[in-house]
Amino acid sequence: MAAVLTLATASALLKLMFIPAYRSTDFEVHRNWLAITHSLPVSKWYVEDTSEWTLDYPPLFAWFEWILSQVAAFVDPGMLQVTNLNYASDATVMFQRVSVILTDFVYYYAIKEFQELAIFNTNKQSGATYSAHLIPILLIFNFGLFIVDHIHFQYNGILFGIMLLSIVRILQERTIEGAFWFSVLLNMKHIFMYIAPAYFVYLLRTYCFNRKKPVSLFTFSKTHFVNLASIVLMVFGISFGPFIYHHQIGQVLSRLFPFKRGLVHAYWAPNMWALYNGLDKLFTIVGLKFGCLHPHTIPKASMTGGMVQEFSHMVMPSIAPLVTMILSACAMVPALVLLWDLKSPLAFVRAIVLCAFSSFLFGWHVHEKAILMIIIPMTLLVKYSQEDAKLFLILSTTGFASLFPLLFTPFENIIKVLLLLQATIFAFLSLKDFYGKGSKSSSMSSRSVLGSTLGSSSLALSLREFHLPLLNILESIYLWGLVGLNIFNSGFPTWLLGLDIMSRLPFLPLMLTSVYCAVGVIYCWLYFYFLLCLDAESSDKQQKSDRCSYGGSDSSKSSSLQKKTR
Amino acid sequence: MRHVAGVYIRSNMASNSTSYGYSKEFYYQLLLVVLSMLSFRLAISMWGHSGERKPPMHGDFEAQRHWMELTSNLPAKQWYVHGPDNDLQYWGLDYPPLTAYHMMIAGKIAKKYNPEMVELGKSHGIETPEVKLFMRLTVLLMDLIIFLPAVVAYFVFGQERRIDEVQVLTSVMVLAAYPGLALIDNGHFQYNNVSLGLMVMATLALTLTYDILGAILFCLALNYKQMELYHALPFFAYLLGRCVKLGLPKGLYKLSALGFVVIATFALIWSPFLTSVESAMAVLQRLFPFNRGLYEDKVANFWCSVSPFIKFKDIIDPQQMAKICMLVTSLFVLPSFIDLLRKPSITKFHFASINSSLIFFMFSFHVHEKSILIAAIPACLVIGKTPFAVIWFLMISVFSMVPLLMKDGLLIPTFVAVCIFWMGSNHFIKPTQNQRPEVVYALQLSFLGAVCLTLATIFMPPPQRFPDIFQLLIAIYSFAHFFMFTIYFHIKQIGGAYEASVWKLLSGFKPSRAHKTSGDKASTVSVDSSTSSVRELRRRK
């Protein structure tokens with residue numbers, strides 16, 4: 001697997017280039033956490049509040065910062081003082097940036113392990129140039145992870161590395177290790193709770209119960225269950241034990257779950273609530289126009305700004321945290337039920353993606369960065385079927401574009417556009433290459449449909465130029481719309497027309513981006529659900545035919561593990 | 001893998017090809033390469049530039065900004081002349097008029113944007129983020145509209161042999177990703193991309209036998225940066241040689257046409273300064289300052305490398321030294337010049353421009369370490385012919401600039417760029433493939449030496465008596481390499497049919513691949529190339 005190592009080295013080197021790039025406040029957040037964990041006893045970690053950026057990740061992440069701080073002490077002790085707010089010497093910047101780059105190697109290791117597993121490949125022998133290393137390339141040069149970690153500044157690389165590692169271990173049937181890594185992950189960043197239901201259901205069904213037999217009390221393995229439970233409890237015990245001992249568990253939890261924040265983040269993540277808020281705005285404007293609403297009942301800021309922390313709805317009913325939880329759970333349940341039935345590795349990965357989707361779309365105070373939690377596991381499936389590849393293309397392009405507002409300084413503004421273009425062109429070219437002729441037929445059919453409906457061949461021809469590989473014409477138009485949206489958001493067209501919409505409505509670009517991207521994300525979610533249902537259907541058929549031909553013995557596992565072609 | 005890709009793409013071509021015979025995918029891949037090269041340059045731009053936070057003189061960054069200030073505020077008459085508003089001691093303009101015009105346009109735009117950036121006399125040493133952004137973007141714009149298009153056009157349209165898309169892409173990648181140029185232009189801060197881009201375009205024009213256009217483009221390059229004189233002799237020899245080949249009436253006609261366009265281009269560019277002899281002389285004196293030093297800092301040329309033994313700088317006064325330099329340089333440049341004059345083929349022209357610029361770099365007067373770029377870019381153009389030597393030369397050329405780049409705080413981008421360049425060329429070009437083991441061994445040894453010297457420069461404090469010892473060692477080490485490369489490229493140029501026997505004589509230094517020295521005019525090429533490609537395929541099997 002020298003190839004993965006080469007790719008990893010190249011990517012680590014390229015990331016070094018971005019050391020002087022713009023850093024968000026998250027840089028100071030993590031510096032502060034280095035200082036807290038280094039200079040204070042454990043009992044003070046979750047009490048300390050000199051800086052406004054208090055420690056709000058679970059304890060194992062704090063220990064991770066503690067380990068880093070041991071090295072940092074040799075680099076520049078100045079960054080380890082709690083009172084040294086906004087300290088950013090050259091050595092500090094270098095240390096923190098390099099620490100992200102080096103901890104990314106956990107992610108690379110997980111990718112190497114996945115690559116060796118050689119799962120979810122189609123049977124098709126593709127003549128494409130880079131098909132063997134397609135998934136490692138897409139994962140290692142993930143645009144979103146790059147700008148969030150190496151420009152904006154966070155440690156998602158190591159976290160997604162542990163996530164992938166836990167998935168790979170479970171797929172390798174080293175279940176205990178997989179559970180261990182997932183528990184560690186939960187104790188490093190609790191946002192991964194979103195995908196915990198998929199793990200729970202899958203492990204319960206395939207590990208605690210016998211995968212090959214129907215569920216009953218006799219097939220329940222107590223030793224497996226105890227093993228699993230003890231490893232999970234052990235990790236949680238090590239993590240939270242000291243705080244229980246210090247009677248701080250309430251304090252820790254209040255830091256971890258700050259429900260005082262609003263339904264949406266300052267910049268709306270592209271989810272259901274973005275659409276909901278957008279609709280609310282629309283109704284407000286329409287209401288004002290037709291006199292159903294009175295201007296003086298509306299707070300001034302909400303019309304001009306509209307992106308304040310607590311967004312208050314004008315027309316639509318306000319949403320309580322409980323509602324978001326219930327909706328997320330409802331969205332997850334069908335996926336989990338199907339996972340229980342299918343119990344295949346494929347369904348496991350699909351369920352992870354769907355759980356992440358549900359909580360991203362309906363969750364309370366979702367950050368736009370959480371889209372990576374959907375895109376990264378989805379990447380694992382691009383070689384499984386053409387539909388998966390297509391959804392990956394749509395979702396990654398849309399999701400990455402929705403990360404654009406994270407960067408707004410001049411150099412980074414250009415870089416983000418250039419890098420996203422490269423990532424997208426590469427993904428489209430390589431996947432088109434991989435699925436080869438398959439895309440031709442679909443484009444042919446849509447072309448003829450267009451030709452007949454529009455009646456004019458020249459228009460159809462010019463439309464064909466915009467037809468993206470693997471996608472149908474509507475999906476292509478949607479993605480091209482992203483280009484238009486960003487051109488509009490740059491303020492150039494309105495400047496040409498002499499309108500100053502941008503200075504009057506500074507948040508309009510952000511709102512448009514999140515609403516537009518929300519449409520694409522929701523489309524992908526529905527389509528992805530449809531794929532899981534297809535799997536269920538085909539596995540039903542498979543089981544029936546297996547039963548006919550082999551007398552219905554242990555074939556369900558092997559058939560589901562089999563690489564399928566569609 | 002490369003071979004498989006080539007076959008795959010070629011099989012695609014039949015169904016999906018465009019007017020130049022390239023597939024549609026090829027253009028997307030090309031776009032991908034160009035975009036990645038742009039972001040590579042943008043990433044370098046975020047690092048330091050020369051003379052950052054180093055008053056009172058700063059560095060090349062301030063020089064260029066100062067020229068914008070001068071040219072956008074003063075009439076052309078005063079640009080090159082000492083005056084109340086123009087202190088020639090503070091980064092006086094010493095580049096030809098085309099640079100001045102470019103700076104004037106940039107300065108006018110800066111004025112519109114924020115007049116403080118180029119305010120006459122008051123903006124010296126200004127280093128706000130706004131200025132930095134503006135200046136960086138002007139370089140990037142030149143990359144976008146001159147250098148990268150020139151590179152792409154050169155390899156896409158200038159193919160002598162059959163079209164091999166992978167080969168075109170990798171060649172574009174090598175030239176566009178060559179770390180030296182990007183680090184100097186987007187990091188240190190200069191506009192070499194303009195003059196070198198124009199030079200590449202001129203070379204393309206000659207390849208396509210548009211000789212008149214080539215001459216005009218080269219005049220533009222020369223009028224942007226006088227250092228392009230390093231290439232003047234090959235251009236002159238090639239064009240003159242072709243005129244001679246044509247015979248008396250036709251050749252004379254062509255020669256006069258060429259002479260006319262050259263004079264016209266010059267006259268047009270110099271018109272504001274041709275009002276009197278004095279004003280023209282003033283410009284010339286600024287361009288060729290014979291009272292400056294033999295070399296600047298530590299340069300990997302002959303005079304600096306022998307300085308531990310003979311200090312020419314102290315023995316002979318600069319005026320005399322300049323004459324000696326001129327004599328030595330013209331003596332050494334003669335063989336390649338005469339050879340090209342006698343047999344003006346485009347292949348010979350390529351090698352002659354490397355040879356001429358290398359010899360100018362090693363022996364001429366007042367050379368900067370950055371001038372190695374003038375030899376490196378033409379070397380990139382022959383990447384398809386001798387990949388091994390070219391890659392080796394390019395790596396050493398970047399190494400020779402390490403002290404300069406270190407001074408500007410560009411060590412990390414240099415390290416990254418060189419590593420990525422080496423990894424990339426290893427993957428796509430495989431320069432060490434088909435080479436004899438001892439030659440590869442020599443390359444590894446040479447790199448090891450370079451790495452050790454770099455590490456020593458970074459981490460070892462120099463002895464008190466010799467504060468510049470490591471810089472000098474780097475210069476001598478690089479000079480030794482450049483000297484060897486000069487010999488190698490001379491053999492490539494002049495060897496011709498006898499090349500194989502020359503290599504046999506020097507068998508210690510012999511690359512095993514039999515290099516084809518093809519006649520290169522269109523008629524012979526088509527036959528020649530098909531047989532060579534067949535031969536190549538057989539060898540691969």
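Backbone N, Cα and C define each Cβ position, glycine as well.
Nonlocal intrachain contacts for the transmembrane segment (B:26-44), taken as residues 6+ away from its ends with a CB within less than 8 angstroms of a stretch CB, comprise 9, 18, 139-140, 143-144, 148, 152, 156, 165, 168-169, 172-173, 176-177, 182-183, 185-187, 410, 413, 417. Here TrEMBL flags B:26-44 (among others) as transmembrane segment.
TrEMBL lists B:133-156 (among others) with the feature transmembrane segment. For the transmembrane segment (B:133-156), the residues of the chain that approach it from at least six positions outside its boundaries are 20, 22, 30, 34, 37-38, 41-42, 45, 49, 61, 64-65, 106, 110, 113, 117, 168, 171-172, 175-176, 181, 185-186, 189, 191, 193-194, 196-198, 200-201, 203-204, 207, 381, judged by C-beta separation under 8 angstroms.
The transmembrane segment annotation in TrEMBL covers B:168-184 (among others).
The annotation transmembrane segment is assigned in TrEMBL to B:196-223 (among others).
Long-range Cβ contacts of the transmembrane segment (B:255-273) within its own chain (Cβ-Cβ under 8 Å, at least 6 residues beyond either end) map to 76-77, 80, 96-98, 101, 211-212, 215-216, 219-220, 223, 239-240, 243, 279-280, 282-283. Marked as transmembrane segment by TrEMBL: B:255-273 (among others).
Residues or ranges marked as transmembrane segment by TrEMBL: B:349-367 (among others).
When Cβ-Cβ distances below 8 Å are used as the criterion, the transmembrane segment (B:373-398) is approached by residues 154, 167, 170-171, 174-175, 178-181, 183-184, 192, 196, 199-200, 203, 227-228, 230-231, 347, 350-351, 353-354, 357-358, 360-361, 414, 417-418, 421-422, 425, 429-432, 435, 439, 443, 446-447, 450, 478, 481-482, 485, 488-489, 492, 511, 515 of the same chain, each at least six residues removed from its ends. Summarising the annotation, TrEMBL assigns transmembrane segment to B:373-398 (among others).
Long-range contacts of the transmembrane segment (B:410-429) within the same chain: residues 2, 40, 43-44, 47-48, 166, 169-170, 173-174, 177-179, 182-183, 187-188, 383, 387, 391, 394-395, 398, 402, 458, each at least 6 residues beyond the stretch ends and with a Cβ under 8 Å from a Cβ of the stretch. Sequence annotations record features per position, and here TrEMBL assigns transmembrane segment to B:410-429 (among others).
Among the features that TrEMBL reports, transmembrane segment is placed at B:441-460 (among others).
Here the transmembrane segment (B:472-491) has Cβ contacts under 8 Å with residues 298-302, 304-305, 307-308, 335-336, 351, 354-355, 358-359, 361-362, 369, 372, 375, 379, 389, 392-393, 396-397, 399-400, 402-403, 446, 449-450, 453-454, 457, 466, 499, 502-503, 506, 509 of the same chain, all six or more residues outside its ends. For B:472-491 (among others), the entry in TrEMBL reads transmembrane segment.
According to TrEMBL, the feature region 'Disordered' maps to B:513-541.
TrEMBL lists B:523-534 with the feature compositional bias 'Low complexity'.
With a threshold of 8 Å between CB atoms, the same-chain residues lying at least 6 positions outside the transmembrane segment (B:196-223) that come near it are 96-98, 142, 146-147, 149-151, 153-154, 157-158, 160, 175, 181, 229, 231-232, 235, 238-239, 242, 254, 257-258, 261-262, 265-266, 269-270, 346, 349-350, 353, 373-374, 377-378, 381.
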